Amino acid sequence: MPATSRDQLSPPAAVVPRRPGRLSGRRRATSPWWFAVPAMLLFAFVVLVPSARGVYYAFTDWDGLDPNSSFVGFDNFTGLLDDPDAVQAVWHTLLIAVSVTVIQNVFGLLLALGVNSLIKTRNVLRVLLFAPAVITPIVTAYLWRNLLGPSGAVNSLLGTVGLDSLRQDWLGDPQLALWSVVGVIVWQFGGYSMVIFLAGLQSVPKEVHEAADIDGAGPIRRFWSITRPLLAPAFTINLMLSIIGGIKLFDQVYALTGGGPGHATDTLSTLIYKDAFTLGEFGYSIALAVVLTIIVAVASTGQYLVLARGERAAS
Amino acid sequence: MISTRLSAAIAAVTAAGLLAACSGGTNAAGGNSSTTLTIASQDQGSIEPVVKAFEKANPGIDVRLTVSSADQYQQQIRTKLASGTGPDVMSVWPGNGNPAATYVLAKPGYLLDLSDRPWASKLPDAVKTVSQYQGKTYNGVFGLNGIGAVYNQDALDKAGLTPPGTWTELLDFCKDANAKGTPAFALGIQDNWVTQIVLYALAATTVYGPDPDFDKKMQAGQATFADSPWTTAMAKYQQMDKAGCFQKDPLGTSYEAGQELAATGKTLGIIQGNWVIALLKGKNPNGKFTLRALPATDTPSEFLMPAAGGTGYGVNAKARNKELALKFVDFVMSPEGMNLFVTTQGGLPTRPDTGFTPDASLTELSTFVNDDRTVPFMDQLWPNPKVQQSMLSGLQEIFSDQSTPDKVLQAMDADYTSGS
């Protein structure tokens, strides 16, 4: 009785007769395609169908409320090109994505190299540096909103050490606000990149380094010729995660600046939210979401192809 | 397998959040008990005692109350109504111009006509205009709120200053306050809705004083923001900023931080709605705060205060328990319910016949209301939410030198005429 209940749940024909085959190695790789059907159906119903229905609304003037909306063709998309806020938001999105990707990974890699060395406190440091990544982004954002306020901790600290001239209205100055947001994201997720790089670093065999050492290679040479190529998979993962995260950034921006002052820090995501839920322009907002989806898809696919080639070349 | 499922689930949730959340929904069935009433409200902290009193007066009923902040509420209620899962009773903003306002929800037929309720005819005209759509009442607006300068008495005493009575005195007051090392008013416009408050306080007198029918002219296309005394209101806002009326770095200061400054006497006051008084008292229970009209000209008899019906309650046209829903709204609009509600909120009741004694801090507002020297909050009669949003981000841009008052008013005009 206990044994049967589980079997009843399994697909009938597949398991029993083919059992020997599954163990023989070669057949193991080819499960029947219809094994994937339940998962595909679930995926279709939960993701594909609603998404497709969502995309349809990008071609309407739906206000999110009135059940009747009319088809407007590509009006929402052409309107987007004439909307200076949208164009600016695309620019901000790309600026954040690129700068976060570069700074966070340089920062993460340096941290990883640091805590991979033999310093005594390395385990404590690893925990501390990773800690911000486990906090909910919205919480960190509110925390930093206070720290970066005109009389917040950052300005107080600058004042205390005599650097009054460097005190700024970090989130209220439109020239600075975007960079403050970037800084907060790097602070939070630098440790996350570090962990992935660290895992990569620890998979580099010691013997290779020792051999190179004997051959007289210095630390920079060893990093460039041994560590860097072997870290290629870690780079792929890290760059991909940070660029996708940067492009779809919402919560930190929304909590830190709300897209302001004015529209100085609006990203595509904050604009999508505002257009839909504040202005009730769901059609237009979904058009923006479609554009965002396309940007994410193109950027991540492109990046993956380039990096995967790099990985192959390195291995 | 588990990890595949997990990642599929994560992928599903993530992707769904992007697009699928926006697509239509289905009608959900729910409980149909005649003793259950569902209420969705944004009156955090003040509706709870009202619901308790209602339950006490109607034993045996089960009120299911959902309370959320205004932002959250506005996005949820639209989704709920559009998908047929709306509550029986819901918070509805007066007039037009925001996603859950009376006109916006009444137009597609989501609200029940409340014109025949006993209280509907007893509302003052200023409240009627914003609780009705096409001549029918849809919103039980129970409270009045006003905007003005809220002074911290202890801080004033310490600085040896008294509240200014005219525009010229106001600018001197700001200079004197700075000379004492305490700026006059806290301004926390990192939260962009706060930017409009000072402007409304000024526009009430400068725009509606000379032209009480300004809104009607706007609706008829006979007036524009850019070519009206709105420019004066904008100029005075900037003049106040230049005169040092506000603390440093207002754009980096949040609403919350602004309250902190005013409550603890780091500024002499704050220009806000009467609702801020309860919040200031929360931060400084011993403080004494009074709301006064903000001088915008040198003739005090011209002063008008923005005062408007606050968020009220409407009944879902498809309410599952219509009878109980109406009973609740009637209770809110009864003298008992109304007084209970506005006492916890720190406002004034909309009905003049409730025998309500306002808190001492609101004496001036109460006088202005009784003398009919108030104008509705300006956005309540605007045709769509875009006008207000352009104003809010535009004011932030003015404060950060990214834009000018003329440009902002022109953008508001463009949005005004872009339809509803």
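These residue numbers are counts, starting from 1, taken along the chain as shown.
Positions of Cβ are set from backbone N, Cα and C atoms, glycine also.
Here TrEMBL flags A:1-26 as region 'Disordered'. For A:33-59, A:89-112, A:124-144, A:176-199, A:230-250, A:282-307, the entry in TrEMBL reads transmembrane segment. As annotated by TrEMBL, domain 'ABC transmembrane type-1' applies to A:90-303.
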Result, the transmembrane segment (A:89-112) in contact with the transmembrane segment (A:176-199) (3+ CB pairs under 8 Å): yes
Feature contact check the transmembrane segment (A:230-250) with the transmembrane segment (A:33-59), CB under 8 Å, 3 or more pairs: no
Non-local residues, at least 6 beyond the ends, that sit with Cβ under 8 Å of the transmembrane segment (A:124-144): 111, 114-115, 180, 184, 187-192, 194-195, 198, 251-252, 254-256
Tertiary contacts of the transmembrane segment (A:282-307), as residues 6+ beyond its ends and Cβ separation under 8 Å: 54-55, 57-64, 69, 72, 76-77, 79-80, 86, 90, 93, 97, 232, 235-236, 239-240, 243-244, 247-248, 268-269, 271-273, 275-276
Outside the transmembrane segment (A:230-250), six or more residues from its ends: residues with CB under 8 Å to it: 93-94, 96-101, 104-105, 108, 185, 189, 192-193, 196-197, 199-201, 203-204, 267-270, 273, 292, 295-296, 299-300, 303-304, 307-308, 310-311, 314-315
